[in-house]
Amino acid sequence: MSQVKAKENFKSIPPKRRSVNEKSFLQRLWKQIDLQLMVWVGVLLIFVFSYIPMYGVITGFMDYSIFTGARIFENPWVGFKHFESFFNAPQFDTIMRNTLVISLLKFLIGFPAPIILALMLNEVRRRFFKRTIQTITYLPYFMSWVIVGSMVMSLLSTDNGSINIFLQTLGIIDEPINFLSERNYFWGILVTTNVWKDIGFNSIIYLAAIAGVNPSLYEAAEMDGASKFKQMYLITIPTIMPIIIIFMILQMGSLLNAGFEDILILAQNPSLRPVSDVIDTYVYRIGILNQRYDYGVAVGLFKAVVSIILLTSANYLARRTGNSLW
Amino acid sequence: MGYSDRVMVVAIYVLLILLSFSALYPFWNTIVVSFNVGLDTAKGGITFWPRQFTWSNYEVFFSNRGILNAFMITILRTIIGSISAIFVTALVAYSMSRSQLMGRKYYTFYFIFTMYFGGGLIPTFLLINSLGLMNNFLVYIIPGLISVWNMIIFRTFFKSLPVGIEESAQIDGCSNMGVFLRIVLPLSGPVIATLGLFTAIAHWNDWFAPTIYITNEKLLPIQTILRRILNSNLINEAFGSGNIDSAMGERLAQKSITNKSIISAAIMVVSLPIIAVYPFVQKYFVKGVMIGSLKE
């Protein structure tokens, strides 16, 4: 349909000719109009679903009313009012602390874990064993947070929760602990669950990098009598360092991404909020559930700006080591 | 192999086995609980094997009309959503892979830019709202039609195809669309399988978008329903007061179903399709990660 229409439009444009061989811009465009139309499908979709929301962040500087709809400029400008009220909000300190602590914990434990798994898998010589371990450890990655969260809750519950049964059998505790309603355990549970879910899948990339190491290096090292551990330390790790650094930069850019779905699912108990509330969950609760859209947009924008600064500076640091993203 | 090497290898094997056990046990325990009589489970001690075997948790779960409807929604959005998204994304990627495409540099920047910057949750929510996609099945399909990340992977793959085939097809009078449909797509089996798989899993697992965009019960997918069961302490509340009648309430009591036993059955039913196809497609997604990691 649209192709036919475009054809008619183009017929009405008189062709300009500069010389016999040189075709005009429009003629060249016309010759590849089908290619252009294909790309415009994507351009249009991205415009609507990515660029319009970017433009929508200006509502963070307004007193926005949802009834204005697309006539966004009928809302009064208020400058940085919403940003200020976020900085002065009583929850601000808690939210910032939780965001930073949770993402740092996830980084400190979740980042090296798949590298260690890949290094361990690399030492396994039995192919069947190795493949089985890989298949099993990748599996949780493909489960939704609803599924993972349900299983974690079930394992940790006081009513036939396996963790409580296990701890009681060993005699470590006398009474079952209600793990998911006590603040002390929350960060540990959250980080462990994340590592459990992602460790296998995230190790794939490092395994691939390790597979690219020149085998003659190991042979030479063995001749010189280097132990396996030394080979790992002196050959494998230095060779995969560039990949490790690239992934580290990516992680630093998301320092304010403490998590969202995992926290929504695992911290259902509102009494956990002092340890579980992070920027993203706060934006969701205040912005969508309480419908303070303008305020929520402002908080989200604050986070986006800080993230960009972090990513850019991490990349700057990495460029000095010669491993930058861009 | 020296002594220390042997110690290290043994330690690695032990650790790997422990890790695999921890990955599998939650699934196994869930299966066991889902096949055990609910009130019996509540007494504790159910770990590796059911004590009082029963099918009733599944029976009750499937006898709920809301659940079956939610399954249909999930299946529909997974099939329609992934096929349309893969087609549109591949189409755009094909065009972007042709060196004669005018303005390719600008298009590339236009697409890549959105990988680093975005409007965020609330502006997107307001957009969906003003587009009239709230409470509309299309909200599952349209916003996901193109993924820039997948587009780049497709483009990288298309560029690696031999140019000669396409050129000869064009000399024979094939249009660009014809080349895409008849030559490029059929040659892209592995990459379509990989990206299609990831897209399908994302559709299957999505529970959050429906919670903010959909209020109509009939349009909710199974994951969102499961989340709701999980959130509530009463089964009646979870199934929605409209969905549960007094006869069903009696049946629940009779069969001694507890919230936990029904959730376990639900987890198994929802994750089974993924577990079932998983071993067969594993090689594809490992390949997919490789393609994705190849930087431009």
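Quick reminder: no glycine exception, Cβ is built from N, Cα and C everywhere.
Unlike curated entries, TrEMBL annotations are predicted automatically.
Database features, via TrEMBL:
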TRANSMEM  B:7-28  transmembrane segment
TRANSMEM  B:67-94  transmembrane segment
DOMAIN    B:71-281  domain 'ABC transmembrane type-1'
TRANSMEM  B:106-131  transmembrane segment
TRANSMEM  B:137-158  transmembrane segment
TRANSMEM  B:179-201  transmembrane segment
TRANSMEM  B:262-281  transmembrane segment
Segment proximity, the transmembrane segment (B:7-28) to the transmembrane segment (B:137-158), 3 or more C-beta pairs under 8 Å: no
Positions on the same chain near the transmembrane segment (B:262-281), where near means CB under 8 A and six or more residues out: 27, 30-31, 33-34, 38, 57-58, 60-62, 193, 197, 201, 204, 222-223, 226, 229-230, 235
Contact between the transmembrane segment (B:179-201) and the transmembrane segment (B:7-28) (3 or more Cβ pairs under 8 Å, separation 6+): no
